[in-house]
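Listed in TrEMBL:
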- Asn153, Asp213: Mg(2+) binding site (BINDING)
- 6-26: transmembrane segment (TRANSMEM)
- 47-67: transmembrane segment (TRANSMEM)
- 73-89: transmembrane segment (TRANSMEM)
- 101-119: transmembrane segment (TRANSMEM)
- 131-149: transmembrane segment (TRANSMEM)
- 185-204: transmembrane segment (TRANSMEM)
- 216-237: transmembrane segment (TRANSMEM)
- 249-268: transmembrane segment (TRANSMEM)
- 288-317: transmembrane segment (TRANSMEM)
- 323-343: transmembrane segment (TRANSMEM)
Amino acid sequence: MFILLLCFLTAFAMAYLAIPYIIKIARDRNLCEVPGERSSHTISTPALGGIGIFCGTIFSVLMWTPFQNFANLQYILCALLLMFLVGLKDDLAPILPQTKFAAQFFAALIIVLQGSIYLEGCYGLFGVHDILHVNVFRALTIIVFMLIINGFNLIDGINGLAGSLGTLAAGMLGGWFFWVGRIELSILSFAMVGACVAFLKFNYTPAKTFMGDSGSLVIGMTCSILITSFIEVNYQLPGGNPYKINNGPVFAISVAILPVFDTVRVFLTRIARGQSPFAPDRRHIHHLLVDFGFSHTMTTAILTGVSILFITLVVVLDGLLGLHALLLLIISLASALTYYLHWAVGRYRAKKMVF
């Protein structure tokens, strides 16, 4: 446990000390994000906080990881570096969504093919067991990676949200990895938690900096690695292990329920309307809450609280419901909450137009 505290503090200190200098340099060189019609902020703000998140996470991982227990760490670092560089390029000079998508795909390939981190146990989800060809599982893992990475990238639209959800996901999984003896994955988790917590000090309203794509892509990639690793490690635990979660895939979904569900919902809505899935709009759930009148801080608190409730619900019902029943429950609940929010926001906008 002590090494995890050191890991957290190292990442926190590195990010906390670096970010003020990053903000100063960004302002001196006019490297600020100018508000647009879809923006939720009103003043030009540096969007390079991801540099601090990346540096804090990587420095702490390199400092405290027992390398003899983490043979594929080099590939994880390569994938994170690629995500960071692509995100930084987009923060400084916007790139096409397709280019960013291709970079995410390549980073996922590095993890899956070189790092050998991919789904092998499906827990019988949708009738799928361990009889499929390994390349099918690899392809499935890449799809999962793309969903999670894009989810965290697209949810980063208001102050504090992506950092809070990344902290929640990594913290939950990091604690679980520690309990089952996977200290190397726990270190990766708490390194990111420390860096994100330091960043949030500068990101909560009024935000002094945004994380930018350099931060959201790194958080998304890290959470993808942790979630995939959780599913596999949990699958291999013996049935009598007190930390084994019977419905592992559903718990994994609950950890990232908000970014993943929101991304799938928005992409499908855009496609149904004949638009590109990458077309910008204000259909994301955090935009709906802000348009309803909630502040950034309240919206972040509400959505983080909802995420905690989903995780708690899955843990409580893990021994009571089967895999498919529990999955259907959380998807139905998420859909119902989103539908209600759309309805409420629509009524709110209609009343504003009348008055």
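Start at 1 and count along the chain as shown; that gives each residue its number.
Heads up, the Cβ atoms here are built off N, Cα and C, so glycines get one too.
Because TrEMBL annotations are produced automatically, they should be read as predictions rather than curated entries.
Cβ contacts within 10 Å of Asn153 (Mg(2+) binding site), excluding its own Cβ and spanning all protein chains shown: 25. Here the listed stretches are 6-26, 47-67, 73-89, 216-237, and the one with the most C-beta pairs under 8 angstroms to the transmembrane segment (249-268) is 216-237. Taking residue pairs at least 6 apart in sequence, the transmembrane segment (185-204) and the transmembrane segment (131-149) share fewer than three C-beta contacts under 8 angstroms. Long-range neighbours of the transmembrane segment (185-204) within the same chain, counting only residues 6 or more positions beyond its ends whose Cβ lies under 8 Å from a Cβ of the stretch, are 3-4, 7-16, 19-20, 23, 49, 52-58, 60-61, 64-65, 76, 159-160, 163-164, 166-167, 170-171, 173-175, 177-178, 210-211, 215, 219, 222, 225-226, 229, 233, 296-297, 300. When each of 6-26, 47-67, 73-89, 323-343 is checked for Cβ pairs under 8 Å to the transmembrane segment (216-237), 73-89 comes out on top.
When each of 47-67, 73-89, 323-343 is scored by its Cβ pairs under 8 Å to the transmembrane segment (6-26), the top-ranked stretch turns out to be 47-67. In this view, Asp213 (Mg(2+) binding site) is surrounded by 25 other Cβ atoms within 10 Å of its Cβ, with every protein chain counted. Outside the transmembrane segment (323-343), and at least 6 residues removed from its termini, the chain residues within Cβ reach (under 8 Å) are 123-126, 246-247, 249-250, 253-254, 257, 261-262, 265, 285, 288-289, 292, 306, 310, 313-314, 317.
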